[in-house]
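Before any comments, here is the structure.
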Amino acid sequence: MASKRINTFKVVFVSLAVVAVGFIIRTPWLPIRRELKASLGYPRDSLLNFTELTAEYGYVSEEHEVVTEDGYILTMFRIVQARNCHQKKRSPPVLLVHGLLQSSDSFIDSGPNAGLAYLISDACYDLWLGNVRGNYYSRGHTRLDPNKDPKYWKFYIDEIGYYDIPAMIDHVLDYTGNNKLNYIGFSQGSGTFLVMCSERPSYCEKVQLLIGLAPAARQFNTKSKLFRTLTQTFEVLEGPLENYGLVEVFSKGAVSQEFVAFFCQLSHFTGKLCEQVLDVFDYVDSSHLGSITNETTRVLFGHFPAGTSLHNMARYGQSMKSKRFEKFNYGKEKNLVMYGSEEPPRYNLSAVTAPVVCIYGSNDGLVDTKDVEWLVGKIPNVIESIKVEDPLWNHMDVTYSQYTSDTIFPKINEYLLKYTSA
């Protein structure tokens, strides 16, 4: 019996390794050209970038380039004209940052009646959306070539929190002339904000409100077996993969991403199968029927996954083994060299001085309620911690659900109104 379990584990491990490598490898004929995808019947929305897709629904957005202190070139978007806002924009601006393997597109993929970017801008907030290093919008550098230089990909949430989030905040404040903004982070987008406050507390003072949507900090209680196994596979294989130069993972245009996007749009049936893939990834207790529609699924897989580094995924593998929210664990010897201690340092959550609102779901297999409650107990200025009333609300629902306008947006709007002026 034990040998059967071992053999099963080996099969699962090898299968996941093959899938993972498929999300790394690119070929000369990938990504598939947009014209070919259109001729094959891909949903139009899945082929459009942020400015094109918002324009499709009557919103005007503009693109901004931001360069971090360590040379990474990031792309931000600002919705300058909303379809349903007919008054002066509220102040200060709002910065909305995506989760792991996502981009700003994740906030518009569910359409104008449900996408958070549309809902927030329709409520007349001056909305900016960030894209962190390594996704397809922010895959540039002043010196390093991401296609040739492995050094480009040696980052995890620490660098995103230390460099990317402050650079975005500075750009928004400089451009608008404000001295503070409101910040909304989904999953990793919240975790990197916490990193920033720990490592660069002066930037925390530039934010008058943090709304954390399923905030990912400690992930010791993550239920998703797929996410655990996948990230811990990357942790084990990080060294060998680095030796072969395979350091960019889950990129748009990789073999597996293109296959999944093609498969999901083939028919209503394959689209339904892809909905089940989301449920398996999130490890939900029960499917949330009608929440993420077939149409949204076919669109989102044209933009997801958006790419990150092998090193970042390995760090997530580590995070589920630790009861702390801490830096990368290189092992005792290297930790001594890197940090001066055998254990990686904890992030200082007491430095998160901005007022905080947490919104999370009880059916979330990636950011468990126990870990959110642990986080709430560590942050000094939590105004409210809100568990969504819908018992089926899960991680993927935050960005892709058709129920967003009734479940989480009212609370988001309530607190943004308290911290803005017309």
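Just so it is clear, glycine is given a Cβ too, placed from its N, Cα and C backbone atoms.
As recorded in TrEMBL:
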ACT_SITE  Ser187  active site, nucleophile
ACT_SITE  Asp364  active site, charge relay system
ACT_SITE  His395  active site, charge relay system
DOMAIN    51-109  domain 'Partial AB-hydrolase lipase'
TRANSMEM  12-30  transmembrane segment
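This view paints the features noted in TrEMBL onto the structure.
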| residue | record | DSSP class |
| --- | --- | --- |
| Ser187 | active site, nucleophile | coil |
| Asp364 | active site, charge relay system | coil |
| His395 | active site, charge relay system | coil |
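The Cβ of the residue listed as 'active site, nucleophile' lies under 8 Å from the Cβ of Gly99, Leu100, Leu213, Ala214, Pro215, Ala216, Leu366, Val367, His395, Val398, each of these being in the same chain and 6 or more residues away along the sequence. Packing around His395 (active site, charge relay system) is summarised by its Cβ count: 29 other Cβ atoms lie within 10 angstroms of its Cβ, all protein chains included.
Note on the domain 'Partial AB-hydrolase lipase' (51-109): mean pLDDT across this stretch is 98. Within the same chain, the residues at least 6 positions away from Asp364 (active site, charge relay system) whose Cβ sits under 8 Å from its Cβ are Ala214, Asp282, Trp393, Asn394, His395, listed in sequence order. Secondary structure of the domain 'Partial AB-hydrolase lipase' (51-109) per DSSP, as helix, strand and coil residue counts: 10 helix, 26 strand, 23 coil.
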